[in-house]
């Protein structure tokens, strides 16, 4: 499972980055810019072929790809260089990467909808006649940190089949059982993917404000699938709502830097992504596609942020150039991008260290399994 998790993360991140760079490549070619190299993966180079003035390469590090455009750093004034093209053409090249990430998210969500995604349904709710839905089940929607449920191993997406061997069909019935047996260990029988698990959980007598006795949120969930002709319109709407919600979260994070910093604790990096990807893979392929779509939208929003070294930072320089009606000196933009890149590396290191501390118990298990391979 460990090696599979690593493979899943590499494939997902590789796909997102490659599609992003593909957007830059396609738009640069359409704008008449000379693309020196378009590579799958990162150097060192495995092999490459030159066609139409562009080297198409396959590289040894399979994490996405890159595009190298003549004059993209302002160092060339040759015909066909990035630096000699109008501001609007350069803007379209820079924005093409994030646009491709949003389109990819739409495609992934649409495919997931065709396969079938868990959907929260209320009692008596009627779904469109063209959808196919499984029998609704009481499902764990959220597990509070440090709660009895989390300590017992209950996870988001688990289906509660029975408590003490007795089956319950509604959220209210399960909540009532937890409330009436505070301080006593209760056997929960749950389904996780294709496995059935028995977990012993002791409901708290005095749970924290806003949390229940065992610390979970429940909902009635059904797996709903759409025909292809309905999946893409619904997928487009879902992608738009996802984009809006993630923008709201990012804005809240930015505000928290200058105020209440509690939200910063929710930020995760590669380690957190790996842990979540593992959990999504256990829930099913459609859930994994949905998670990849969320990451793709995140990548788009991060890249369009007006920060040096990101696409948004370069777009900001274009606007400044347009306002002052003269080009920014390449050395100034170069220094700004270098400093921005170093700050992003420091941020990544900080987030990774936090992730290691947050998921230390799970990482210890991962490390032990890796060592056992050798």
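The backbone N, Cα and C atoms fix where each Cβ goes, and this holds for glycine too.
According to TrEMBL, the protein has these features:
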DOMAIN    105-194  domain 'PDZ'
TRANSMEM  6-27  transmembrane segment
TRANSMEM  91-117  transmembrane segment
TRANSMEM  228-251  transmembrane segment
TRANSMEM  263-281  transmembrane segment
TRANSMEM  287-310  transmembrane segment
TRANSMEM  331-353  transmembrane segment
Ranking 6-27, 91-117, 287-310 by the number of C-beta pairs under 8 Å to the transmembrane segment (228-251), which range is first?
91-117
Residues sitting near the transmembrane segment (287-310): Cβ under 8 Å, six or more positions beyond its termini, same chain?
8, 12-13, 15-17, 19-20, 95, 97-99, 101-102, 104-106, 108-109, 111-112, 115, 117-118, 157, 239, 242-243, 246-247, 250, 273, 276-277, 280-281, 316, 336-341, 344
Per-region confidence, the domain 'PDZ' (105-194) (mean pLDDT, whole number):
87
By DSSP assignment, list the helix, strand and coil residue numbers for the domain 'PDZ' (105-194), in that order.
26 helix, 27 strand, 37 coil
